[in-house]
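Visitor: Next up is a structure, given as structure tokens.
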Amino acid sequence: MTDTDTTDQVESIAAAIDAVVDVVARAAPEIRSGLPGRRVAAEGQNPSGETQMAADVFADDLLCERLGALDGVGTYASEERETAVDVGSGVSVCVDPLDGSSNLEPNAAMGTIVAVYDGPLPAAGRDIRAAAYVLYGPITTMAVAREGSVTEYVIHEDADYDVLTEDVRLPDDPTVYGFGGRVPHWVEPFEAFAADVESDPSLKLRYGGAMIGDVNQVLTYGGIFAYPTLSNAPEGKLRLQFEGYPVGYIVEAAGGASSNGRRSLLDVEKDDLHARTPVYVGNQELIDDLESRFAE
Ligand code: F6P
């Protein structure tokens, strides 16, 4: 809600967010049960040049159809399609239908991410009004951030869902870290930061290869997740509109911090729908330390 939004606009955005969250939660068991036969590559690549799995395409089609049908949703965009789809008038919804789908073959955790923006795409980070992710782990859970707080739900097989934890906060004492990217491609400031993290006896490595799984453990145990800038990919791997903004918004709403190495992810601006950004999220003191390395 911007300063100029009227009460009606504020209410209609809130109603659209309720509806988006409800659709994503209720679609989750269907997406999950659709995975077993779809652990194979589809024909195409996504706009970032990655091989699409049949499950990516399935989840994208399903969410586009359901979210696109909602009153109050104007645009649907996803990591799996080149351009945004005009579906009516209202908020812009950006989705990563199946985050970490390379974990399909080894049967490890994956997620679905959704971000709701009050504005056209590509949106600015400060246009984000809500973000949520579903985590397909041993159980299916969902974290929803809006209005500065995060609620965690459990989603049942019959698509009903219940609150597990209100006002989720990162624990004060961090214990886990997970860093992506090939180590030989880490740049010197990050290498130095990682070496200090690795030598801290209160921290241990936990990296699963699906951002949502890795971020959810930071939310649970405290710590830091990074997909850093790389010498061969200065903007890293993760996409700002679909991954960077929503995860930054969620972690900040849970009392943590987010960064691209220099500033909050929410203050990073890019004019390409599929633009990438380095992503660092976690406890404030770890992000402060990380940023100080890039400032040197
Ligand atoms: O969306 C990209 C993604 O699957 C993220 O979920 C994850 O953090 C990252 O890629 C893993 O990349 P890598 O295979 O390089 O560790």
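Each Cβ is built from the backbone N, Cα and C atoms, and glycine gets one as well.
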Visitor: Which of these, Glu65, Glu79, Glu80, does TrEMBL list as part of the Mg(2+) 1 site with Asp96, Leu98?
Guide: Glu79
Visitor: Taking the binding-site residues Glu79, Leu98, Asp99, Gly100, Ser101, Tyr207, which residues show a Cβ-atom distance to ligand 1 below 6 Å?
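Guide: Listed by sequence, the hits are Asp99, Gly100.
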Visitor: Would you list the DSSP helix, strand and coil counts for the residues of the domain 'Fructose-1-6-bisphosphatase class 1 C-terminal' (170-292)?
Guide: 51 helix, 23 strand, 49 coil
Visitor: For each of the binding-site residues (Ser101, Ser102), count the other CB atoms lying within 10 A of its CB, then report the residue with the highest count.
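Guide: Answer returned by the neighbour count: Ser101.
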Visitor: Quick check: with Glu79, Asp96, Leu98 left out, which same-chain residues have Cβ atoms within 8 Å of the centroid of the Mg(2+) 1 site Cβ atoms?
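Guide: Checked against the 8 Å cutoff, the neighbours are Asp56, Ala59, Asp60, Ser78, Glu80, Val95, Pro97, Asp99, Ser101, Thr112, Ile113, Phe242.
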Visitor: Could you tell me which of these binding-site residues, Glu79, Asp96, has the greatest number of Cβ atoms within 10 Å of its own Cβ?
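Guide: By the 10 Å Cβ neighbour count, Asp96 comes out on top.
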Visitor: What whole-number Å value do you get for the CA-CA distance of Glu243 (Mg(2+) 2 binding site) and Glu79 (Mg(2+) 1 binding site)?
Guide: 9
